[in-house]
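Some features that TrEMBL has for this protein:
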ACT_SITE  265  active site
DOMAIN    38-390  domain 'Aldehyde dehydrogenase'
DOMAIN    415-521  domain 'Aldehyde dehydrogenase'
Ligand SMILES: NC(=O)c1ccc[n+]([C@@H]2O[C@H](COP(=O)([O-])OP(=O)(O)OC[C@H]3O[C@@H](n4cnc5c(N)ncnc54)[C@H](O)[C@@H]3O)[C@@H](O)[C@H]2O)c1
Ligand SMILES: O=CCc1c[nH]c2ccc(O)cc12
């Protein structure tokens, strides 16, 4: 087994790892790219150094991977669910055993902190364990018909599925797609993001070691072109896509040509609503969890934080204090709570949103600047200080919080020194550590404003009023609503979007339905009654 990448991990530190092994995997082994000519450098976000080369797969390589997956599917789909479960449980066990090494590699490639990367790897093996548990339960129905005839339904796999992933949760996304796919008896060809290509192949090796047939989980590297080859391939039955709305639309369009099933897990601009009767410290912690994990590059982040006017001063004071205290730096240090963004263009894009917000009248309450850590090896990294955009008055001296709110916030509608619903930073997905804080007055008003978006991935509400909490949750046009917390996404819970945030679900029992199809078998026990 080519385990050398992982073997080099225990002693590895930021700025030291170089990966030269092939990153494609099909037919049960790593596969060297056919041509190196379109190689793209992959950068270590913490240092800006080249970590490896990503060589995109062309049509022949994609076809080879899909043929290899199809051959594996023929074997795997004939195994009993319990047999598949056994192999999957072994894969989960191996991931768990190697969690530190895999997490380190993930943190090096993605820039997320080692603390978060470990949580991600734990989610990954739990996902495989969870779907292994369901593999043996897949069953149809028996339906009695008149005259002794009957029918039964069989839950069958789809065939070769394709997974296309984003760069923010590379290992998690690869497992969240492959675990339900394999449990149902499918094979899967996975294309990671060209910016985070290194851990998917580790997953492929682990599945192989656990005993899946060669080709069952393949990895092809590449960007838009390779993705498009996958979406057009006639042997592919389903495409599960995680990424942005514009790319999701293209994937859906390409898949429609050969009527492939599609799951779209797309972006968001989720609202987090904080009522004045909340437990304030929890609400502040929730707002930080909703905005700053993985440097704010999380699809379901609650980036529009609506705060009831009366508690705005206290909320802002506390949220700004805590945001300023977030230790930004080397992702491999246990004490770091925010690493670098994924790439230089992403950093520039996010800083651009902050500049635009200022031009449109928002006040930067903290952060929003490029950040250069003191450690010299991190000088070329893509760091920025976490940012809160909102109103400035609460940080003005003097007056009680209530007096301030009465004096200042009652005139807010006249002020431009504020986040407003029509600002770019409030309307568009930034995908970086930028929280926009907006005042509101009434429940009715905030529900309308929270839903006034084309996205619908997630939402959140903080209140002590149980009736209000459920009323607000029911009225959110979003696939998830968190009550009195945020970004709690265990694998047992269905996850996915409303509106332009996509359709289909990942995680939870329901995902079995997105990786399988029902066949109805009708059985006659008597003679055929023919009208002809
Ligand atoms: N809903 C979710 O579960 C979820 C999870 C993570 C990220 N996201 C979203 O992903 C986005 C960030 O990720 P990104 O920048 O990697 O997104 P992206 O849309 O740029 O790329 C996603 C993937 O699509 C591939 N791709 C690009 N063009 C393609 C094409 N024409 N055909 C087929 N594949 C193509 C990319 O190579 C990559 O693997 C954000 O909008 C974020 O909200 C959503
Ligand atoms: O960007 C979001 C990635 C994501 C989607 N669903 C889940 C579930 C658990 C996670 O840790 C991440 C995600």
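Glycine residues also receive a Cβ, built from the backbone N, Cα and C atoms like all the rest.
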Other C-beta atoms that fall within 10 angstroms of the C-beta of residue 265 (active site): 28
Segment-level pLDDT (mean, integer) for the domain 'Aldehyde dehydrogenase' (38-390): 98
Residue distribution over DSSP helix, strand and coil in the domain 'Aldehyde dehydrogenase' (415-521): 29 helix, 22 strand, 56 coil
